[in-house]
């Protein structure tokens, strides 16, 4: 590291800004307790305490020795900031809260996050210069270009006018720094998303203690299609970092063994070109690419790569260095004036006057009372905790356990069919862990129309074409007696469900000793179009099915597949003590021992060709149109509008009389999955047969939030040898790794909105999981939920699942709405439970047959990136429809065969 260069660059920026000292006024503020409120939909409270000025022996850089006054200052202790206050500008990106988490750790307090069009310049000026609320500014990545005013918002004016405030721009923010000073923003040699490069730098303070150059260990993740043309840089902008080679790098931990490489050369027919892979990385056109700039006389820096990515090395060090730049900048300004200004500075920097800001933020925030922590058996003690309009419900849960008895009564399939399968299994549910290998899932939950607390919710978004309606939607509620009431939810379904869950009171002792997290509550689905309640302005298409359907279930049977145990649960009003329903369930289970397990109807075992599949199912899009849409996605990516777009389509087939439960039983055998599900909503003439391998989001009783996105899929091989080769091909695929990483960073962002600072982590990155028909690439992201965030806050922060949208999420969903010619409906949404104690577990609705009004539909698609081959994407989409479509056709074939024999 060139320390001289580091010192000189810091001095050059700071000293040139000393002339602006009169612009920025400082006043003496007495230390006092304060409350920091950050913006994460729910307000985040900072601990009340007096801010202290710590004294350290740190000396300002040696270039100050030339001045007698400054030399004297060198020998005096200087203040060290306990925390740094950052204004984080969000350019509608899906990685902003990864930056938020890093800054929260490094700065000692959370930054305030605002969208780039949320505050006027007058408001920004007020907080920056009149209230002196912030010490520095970070400008996030985002879709689009800095040349488009709607993409960049207020950021250009910040960069142009805030000459005396440290600013760090990331990706789009970096490009904006170049553009505002006259540099040209052009297309990169190639779009570069979710891939790694080695970086070399000039040793300036931003890269302090970070190695430089090829094989130095400084690997970074890049997400960009546009770059600053280095030839157009004005003299006031200094290049400080570049890609060190024209090569992409493999991810750490992903290695190609010699045996695999040798085998691939011998099996060219299997690998379809995989033999071309080698240890040498693919060359990038155009050579080195500019990766960082700084202003010669302002404390402004830009980074083209993403320091916040989970796969970037030294990312946290970069943010630490920016904090240090901020501290040194203000300390240097202080040292150029009178001693009394130093005292004023110390007080000013340490005690922000945040009251006006807090009031402004509070107007926008969604404040959630800390209701989740209430745990009492006394109803009277909790009446004041409910939301207005939602009466308090004190729930009592009782349960019994039948040890090692599931197999004795025919297993999960027989239990469900015998207890809930009569009368077409109407109004029944089965969250079915039909694939339990490698502990992917352990419990199955099932039930039907239950006791007095049972009800069914059905919600449809309002028709935005109705000019009298500005959002919300229509809810119908059927109770246990069949009575239906309807109401309009002005604030939408998520708000209603949130208030419902927060209105429950209970005693934790009721479920002590149970090894699972669902004890009764809501079970059902949330459709993809409810994205309209999660930040998307509107839906272009309207779903034929309800946008959400859930049961409130008060009687549940749980099967522990690991130990073969059965649990019966009954939920009732706390004012009663009835256990008759629980005893009835237990007796019905015991009676099953005398029954012969119900056999699945005989199914045809032959395979189906693509021609036969097409003859049964009609596609919403032709092969030609789907490939054209893939190319359109790649054009959007090239223009910087998205990093990755998850394009989907639907297959449909009209059905005659069909036993939907029998179809599901066939599907679960043909394609067992850990997050499978059966749902029937008879009032809606709707059945859902789901064989999903993917978890969307889970919140357990210990407040641990987990997502398990799948990105990367390949067919299983016909022989063990071929199967292993295909598995390794997926593991080493640069395209699939890039897809997966983009979604991992997106989910880290979503969890970061509602999780405790520093708790979001990735315990498993890009692992391969194998299922009946495919291998998949899966990652796991976890975090600790904040105490002031509710279960619905967590879902709303991450819905729809990023693996079904792409990134940045909001812009990607808008683009996909224009490319896709129908609503996704239930597909791409989620199925699962919301327990009355706020725990939940939700899947991603894929590999699913939706049967509605006599029509079967199957959705499928894939993530489109710059590396995608349009023809391969079409084939991958067909591959994902294979299992559910085959289940439908086999079931139809068995019906025809049975009719012919009569």
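Placed from the backbone N, Cα and C atoms, the Cβ positions cover glycine too.
So that you can see what the record holds, here are the features copied from Swiss-Prot:
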ACT_SITE  171  active site, nucleophile
ACT_SITE  306  active site
ACT_SITE  308  active site
DOMAIN    85-332  domain 'Glutamine amidotransferase type-1'
REGION    415-889  region 'PABB component'
TRANSIT   1-47  transit peptide
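Around the Cβ of residue 306 (active site), a 10 Å sphere holds 23 further Cβ atoms from the protein chains shown. On a Cα basis, residue 306 (active site) lies 7 Å away from residue 171 (active site, nucleophile). Non-local contacts of residue 308 (active site) by the CB criterion (under 8 A, 6+ apart in sequence, same chain) comprise 95, 98, 99, 101, 102, 170, 315, 745. For the region 'PABB component' (415-889), the model's pLDDT averages out at 91.
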